[in-house]
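K.L.:
Quick one: structure below, then a few questions.
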Amino acid sequence: MSATVLLGMMGAGKTTLGGLLAERLGAPYASLDGMIAAAAGKDIPRIFAEDGEDEFRRQETAALAEILAADAAGVIDTGGGIVDRPANRELLAASSARRIYLQAPAEILAARIGTPEGRPMLVEGDLVPQLAKLLERRDAHYRAAATIVFPTAEAAGPEEAAAELARLLQE
Ligand SMILES: Nc1ncnc2c1ncn2[C@@H]1O[C@H](COP(=O)(O)OP(=O)(O)OP(=O)(O)O)[C@@H](O)[C@H]1O
Ligand SMILES: O=C(O)C1=C[C@@H](O)[C@@H](O)[C@H](O)C1
Ligand SMILES: [Mg+2]
């Protein structure tokens with residue numbers, strides 16, 4: 001079985017569904033944000049604050065290249081900005097991994113996220129227009145990178161969404 005890469009915005013459900021899906025598939029779960037933080041020895045807000053977004057994006061590309069090259073059967077939870085860099089889009093397109101875009105509108109993402117705290121791409125204030133702007137830039141890239149587009153706003157909840165996703169992957 002090839003790897004399954006989860007793509008999508010902050011609040012799309014990558015971590016929640018990634019864990020549930022990995023359980024259902026009996027496969028390991030890995031978080032790219034987690035790998036980056038572990039390698040840097042500090043959390044992502046601190047990487048952004050101390051080293052800048054460009055440095056974070058460089059580390060993100062290195063982590064993506066490493067995990068895709070390992071070609072292990074597992075569920076990979078990516079950061080929301082993974083499609084911003086052309087190098088990452090190329091790595092994704094060239095990989096044999098199944099790639100799932102967890103899609104949801106800005107209003108639902110904002111409700112799930114709640115607060116911008118700990119999220120360096122967001123600032124205080126209404127999150128809906130901020131997320132809409134990021135989505136406007138990223139949505140077409142997520143779709144182009146994905147082998148499956150999966151709307152999460154329509155599922156009754158994470159358990160139901162994970163069951164449906166597992167079914168789609170076994171088709
Ligand atoms: N299909 C779903 N239906 C309803 N709520 C969901 C669904 N998927 C996730 N959620 C809820 O949305 C919130 C955000 O989900 P999650 O943390 O998995 O998103 P994420 O894509 O990993 O985003 P980030 O890593 O940026 O926080 C959680 O509270 C989760 O329970
Ligand atoms: O949407 C984004 O650009 C980000 C999402 C998070 O998962 C982290 O990767 C980081 O905070 C950047
Ligand atoms: Mg997450």
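Cβ atoms here come from the backbone N, Cα and C positions, even for glycine.
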K.L.:
Out of ASP33, ASP43, which does TrEMBL tie to the same substrate site as ARG57, GLY80, ARG138?
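P.N.:
For the substrate site that includes ARG57, GLY80, ARG138, TrEMBL also lists ASP33.
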K.L.:
Have a look through ARG98, ARG119, ARG137, ARG143 and flag the one TrEMBL assigns to the ATP site that GLY11, ALA12, GLY13, LYS14, THR15, THR16 belong to.
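P.N.:
For the ATP site that includes GLY11, ALA12, GLY13, LYS14, THR15, THR16, TrEMBL also lists ARG119.
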K.L.:
Given the binding-site residues GLY11, ALA12, LYS14, THR15, which one has the fewest other C-beta atoms within 10 angstroms of its C-beta?
P.N.:
THR15
K.L.:
Same chain only, sequence gap of 6 or more: which residues have a CB within under 8 Å of the CB of GLY80 (substrate binding site)?
P.N.:
GLY8, MET9, MET10, ALA12, MET121, LEU134, ARG138
K.L.:
To see if you understand the setup: which same-chain residues, six or more apart in sequence, place their Cβ under 8 Å from that of ARG57 (substrate binding site)?
P.N.:
GLY81, ASP84, ARG85
